[in-house]
Amino acid sequence: MKVGIIGAMQQEVAILKEAMTNAQTVNKAGCTFYSGQINGVEVVLLQSGIGKVAAAIGTTILLDEYQPDMVLNTGSAGGFDSSLNLGDVVISTEVRHHDADVTAFGYEMGQMAGQPAAFLADEKLMNLAEKALEQMDGQHAVRGLICTGDAFVCTAERQAFIRQHFPSVIAVEMEASAIAQTCHQFKVPFVVVRAISDVADKESPMSFEEFLPLAAKSSSEMVFKMLELLK
């Protein structure tokens, strides 16, 4: 069994990379691939770069050349669910693009031509994430829709647009839908497990940059627990 793990930024993959043994590094097309083992599980850790195009390029190479049995997307996200606070975890049930609009041709908002409106996370991987969560004392998590776009959502106007068109959204970020769409086309199961680095409509004394290392720690701990359960 081989697990693909994807994070966009160096900060989001650093803790996982440090835990790897027998690691080999390959740089290709602006992406960095670390192959080795974590806690006895064979993994390929991808640092894709930020945004949907970078994520799609990296995921395509990951699936085509390394052929993992599953994909875990880790890192940070912006919270939209009112119960979420900094450091909480979100687990995807489905993923959608929030910045795609071909509704003029009869598609749903967020749906790309020829693609499903939503990319459904794998049920077994969602349950695995829930089991991992049970082993993390006091870690709060919400399970639901995660939306992706090539923008850091920080204006009231964009937040309102997303809430209007995707009322069940729990979090937003910048890579997951590209990863999910690529996994869908390769028929590889995926789940998104991220930690909240900022929350819409909630003031925080910490900025995104300040909280990112803590979000990376929370999401990495979830991945570690999931890998332990896979052994």
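Every residue gets a Cβ built from N, Cα and C, even glycine.
Swiss-Prot names Val153, Met174, Glu175 for binding substrate. Of Gly58, Gly78, Gly79, the residue it gives for the same site is Gly78. Around Glu12 (active site, proton acceptor), a 10 Å sphere centred on its CB holds 28 further CB atoms from the protein chains shown. One way to see the shell of the substrate site is to take the Cβ centroid of Gly78, Val153, Met174, Glu175; the remaining same-chain residues with a Cβ within 8 Å of it are Ala77, Thr148, Gly149, Ala151, Phe152, Val172, Glu173. Each of the binding-site residues Val153, Met174 was scored by other CB atoms within 10 A of its CB, and the lowest score goes to Val153. Among the recorded positions Glu12, Met174, Glu175, none has a Cα sitting within 10 Å of the Cα of Asp198 (active site, proton donor).
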